[in-house]
Amino acid sequence: MFANISLSEFDPELAKSIEAEDARQEAHIELIASENYCSPAVMEAQGSKLTNKYAEGYPGKRYYGGCEYVDVIEQLAIDRAKALFGADYANVQPHAGSQANSAVYLALLNAGDTVLGMSLAHGGHLTHGAKVNFSGKTYNAVQYGLNPETGEIDYDEVERLAIEHKPRMIVAGFSAYSRIVDWQRFRDIADKVGAYLFVDMAHVAGLVAAGVYPSPVQIADVTTTTTHKTLRGPRSGLILAKANEEIEKKLQSAVFPGNQGGPLVHAIAAKAVCFKEAMAPEYKAYQQQVVKNAQAMAEVLIARGYDIVSGGTDNHLFLLSLIKQDVTGKEADAWLGNANITVNKNAVPNDPRSPFVTSGIRIGTPAVTTRGFGEAEVRDLASWIADVLDSKGDEKVIADVKAKVEAVCAKFPVYEN
């Protein structure tokens, strides 16, 4: 049997790093748009004895015995996901968003088929056809981008490319785009060329669940998402679809056995918890505040002379262009990190710098809103960001801002204990 010994006693080296990360999360302001803080209930499910159980297959059709309780858990997660997003089909087994996306490709395409997706350089995701990713290596990837005048998706270009290249599938969705996506326009374009429409709503799933952002679920053929980010659950994936028996069968077999073996039952349980949390009345107020906070920060930074791609935001994030300031994203990331403000460097459209340097940073408000920040706090925060950037990383300015950050973090703890 196991020795009755704690992690800190058994592996102090590892425990020390975990404790340091705990302290970092409490003392730093998190503005990475893809990060959030999940609830103790989600973490309790994720850390449960379910991690011991193997359960290849689906509820009622397993390849292992002893699955009577995990069947109940997985079915609960499926039913909640369908109810939350108004879907006819849900697969809760994907380990992550990228695995969910790869299963969709496997289900709907053959190697070499043409895919039309958003360019990574313009706000798309690796799995939307980037050359370094399976989606750009296995398939013939054509990329669309933003209108250089507006900083918004150029739907006319999407339609032109679709007519020219006749893709088998069009991918809509993003990892760094701050406006409302016109899902129906994508649907119309897909129908015009006889393509599947696949939406990756990983970044806005929480907003969609709360009715704060338009839902693509009954418009697209297939929709995927992560379950963290705005959804505020465990780091995992989810596939949703409207009713189509043929596509549902293809998706089921693409996930298992096509793309994965045994599901992570502890993660599925944590997803079930986060879906239930997203059905609570206060969840909509949270998501509304996420958007208000992003808009408030954008307003302050614009007033301080900074450029935001597309001129503002309708969701939880925005891209701050630093080209005018002659500051790199890498520099801004480091300076703000020294002030206990965590962001990520990010390319801006037509960025002259490399992806390892970039000319911008991406800012998102899901985590600070979970923490309890309102518009007053994020306006102060945006001013502090401008102070650090204006100073070009001056040590005294960074020290002053860091002290303010530590004070506000103490006032708004992530986890009370």
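Keep in mind that glycine also has a Cβ here, set from the backbone N, Cα and C atoms.
Noted in Swiss-Prot for the protein shown:
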{"type": "BINDING", "residues": "LEU120, GLY124, HIS125, LEU126, SER354, PRO355, PHE356", "note": "(6S)-5,6,7,8-tetrahydrofolate binding site"}
{"type": "SITE", "residues": "HIS228", "note": "site 'Plays an important role in substrate specificity'"}
{"type": "MOD_RES", "residues": "LYS229", "note": "N6-(pyridoxal phosphate)lysine"}
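What Swiss-Prot annotates, mapped onto the structure for a quick look.
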residue	record	DSSP (3 states)
LEU120	(6S)-5,6,7,8-tetrahydrofolate binding site	helix
HIS125	(6S)-5,6,7,8-tetrahydrofolate binding site	coil
HIS228	site 'Plays an important role in substrate specificity'	coil
SER354	(6S)-5,6,7,8-tetrahydrofolate binding site	coil
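Within the same chain, residues at least 6 positions away in sequence whose Cβ sits under 8 Å from that of the residue listed as 'N6-(pyridoxal phosphate)lysine' are ALA33, SER34, GLU35, ASN36, ALA202, HIS203, ALA205, GLY206, PRO366.
Looking at GLY124, PRO355, the binding-site residues in this record, the fewest other C-beta atoms within 10 angstroms of the C-beta turn up around PRO355. Compared over the binding-site residues LEU120, LEU126, the count of CB atoms lying within 10 A of a residue's CB peaks at LEU120. Our reading of the (6S)-5,6,7,8-tetrahydrofolate binding annotation (LEU120, GLY124, HIS125, LEU126, SER354, PRO355, PHE356) yields a largest Cα to Cα distance of 17 angstrom. Here the Cβ of HIS228 (site 'Plays an important role in substrate specificity') has 25 other Cβ atoms within 10 Å, regardless of which shown protein chain they belong to. Within 10 Å of the C-beta of HIS125 ((6S)-5,6,7,8-tetrahydrofolate binding site) there are 23 other C-beta atoms, taking all protein chains into account. Its Cβ placed at the centre, SER354 ((6S)-5,6,7,8-tetrahydrofolate binding site) has 11 other Cβ atoms within 10 Å. Across the fold, the C-alpha of HIS125 ((6S)-5,6,7,8-tetrahydrofolate binding site) and the C-alpha of HIS228 (site 'Plays an important role in substrate specificity') stand 16 Å from each other.
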